[in-house]
């Protein structure tokens, strides 16, 4: 954790990685695209030297639950500005429950703090908790306005859970690009958008994610750390955004998005694992 925080003020200029360095990754991604009849976008940003590589990095993909990191970052930002109190409570009503709410569905009739709602959102991907946060930060428009404020001109949020997960081809609503969201995560975790205290809180929520054990975490190199957030939606949408680092490796921001495929969830998960393994091999092979 200390190593990650050491880079909290570092946002280097982007330098495009040599094509040869990521040649195998690109070949692997293309092979998976063909095998799943999918559309895939990937971006990799090394925060130490600004080295950047992508595959379909400027194409739009459904945000799905990867928006939750941004929504909770907006809550932290608003708290810094005195616009919201993260310790304020919201009553949980049965009528507000939406699909997949493993934490909130057990607390109907009780109250939850906004801070705890973010914890549930980020660690279990609880959709009702996410809607509670959205309501507190000005809705989808509030999140999109925040993105524009920090320089992200591509990512947009238009709907709440669960509608935002529709994933229909050609629909610009609730989409991002792998390149844009990697840059945004860089600003949120290592830039000046949030205070160091809130950067640590956002990082902690991502580190304690409980629903991604079968994705990048399953092939994380020994001694490495990860902070991540995943998502899934209609028309084969599956995604993950992550920061990985080790004692000797500066944080690397990875975003992987799949869309427009009839592949099963297991097949999509396996695709993310294979792509992640290929990316990690680029960095571990350098230290051999």
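Placed from the backbone N, Cα and C atoms, the Cβ positions cover glycine too.
The annotation active site, acyl-ester intermediate is assigned in Swiss-Prot to 65. Under 8 Å, Cβ to Cβ, and six or more positions away along its own chain, residue 65 (active site, acyl-ester intermediate) finds 125, 130, 165, 229, 230, 231, 232, 239.
When Cβ atoms from all protein chains are considered, those within 10 Å of residue 229 (substrate binding site) total 27, not counting its own. In the three-state DSSP scheme, residue 229 (substrate binding site) falls into the strand class. Under the heading substrate binding site, Swiss-Prot lists 229, 230, 231, citing similarity to another entry as support.
If you look up Swiss-Prot, you'll see 72-118 marked as disulfide bond, on the strength of similarity to another entry. Under a cutoff of 8 A between CB atoms, and with a sequence separation of 6+ in the same chain, the neighbours of residue 72 (disulfide bond) are 118, 121, 122, 133, 202, 205. Secondary structure at residue 72 (disulfide bond), taken from DSSP and collapsed to helix, strand or coil, is helix.
The signal peptide annotation in Swiss-Prot covers 1-17.
Cβ-based neighbour count (10 Å, all protein chains) for residue 230 (substrate binding site) stands at 23. Same-chain residues that are not part of 229, 230, 231 yet have a Cβ within 8 Å of the Cβ center of the substrate site turn out to be 64, 65, 66, 68, 125, 211, 212, 228, 232, 239, 240, 241.
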